[in-house]
Amino acid sequence: MTRSIRPLVAGNWKMNGLKADLAIATEVARGYDASLKAAVDLAICPPSTLLFTATAALIGSRIATGGQDCSVQPAGAFTGEVSAAMLADAGASFCIVGHSERRTLHGEDNATIRAKAEAARKALLVPIICVGETQGEREAGKALAVVRRQLKGSVPEGLDAASLVIAYEPVWAIGTGLTPTAADVAEMHAAIRSDLARIVGKNAAAGVRLLYGGSVKPSNAAELMNVANVDGALVGGASLKAEEFLAIARACA
Ligand code: PEP
């Protein structure tokens, strides 16, 4: 953790969740007690169909909501797309962009992700920009180079610390139960912080929240969250269980 940075734990529900599952969000809100509120920010990124109702259900809880992706376009004839302004209108404060499932399954490249991050900022959303290497890239000793290239290509210049979140998510750790060693996470997060200084400036980079994501669970959260330059977590599977999500938040606090 970075002492001067308030941590963020964000839940990525992915393509999971019907109206009945909003009970998960309200259970998280019930467990987000005064001591947790004093120590850690929480956000839930449900599918966009639930964003409006999730935001309404969380009013008064101080838990933010976010989208999982946004269009690079502001509006118009783009069937099936959801604009950043629509997410903001539905109550979102954050928007995940560049998740590895978007990069891999939808062929999104760094330029597209940067455009999405810029679209998010125009709508006053805070982009959570995801970066991370594949297993093959790590085994080939290219993890640092890959992530540095992703950062350079997908992070817009000139953002301040409050307008940007970076999530380091090794692709091979997402949904697999595998996690990198604390030393590998420390090395990567230090490199991200130092490269960010060249993109957004030294002062902003020092305050940007750098999340770790990939198989974060209550059992490994404390170790991962104690790594230098890890300022919270992006949580997939465990964010669908209120008690697990809260336990991860407690590990950050
Ligand atoms: C994710 O999809 O962003 C993620 C981190 O998933 P999981 O926690 O399930 O590995």
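Yeah, the Cβs are placed from backbone N, Cα and C, and that goes for glycine too.
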Please identify which of Gly31, Gly60, Gly67, Gly175 is recorded by TrEMBL as part of the substrate site containing Asn12, Trp13, Lys14, Ser215, Gly236, Gly237.
Gly175
Sequence order is fine: just name those recorded positions in Trp13, Glu169, Gly175, Ser215, Gly236, Gly237 with a Cα within 10 angstroms of His99 (active site, electrophile).
Glu169
Asn12, Ser215: which of these binding-site residues has the sparsest Cβ neighbourhood within 10 Å?
Ser215
Residues that sit under 8 angstroms from Glu169 (active site, proton acceptor) by C-beta distance, when 6+ apart in the chain:
His99, Ser100, Cys130, Val131, Gly132, Tyr212, Gly213, Gly214, Leu234
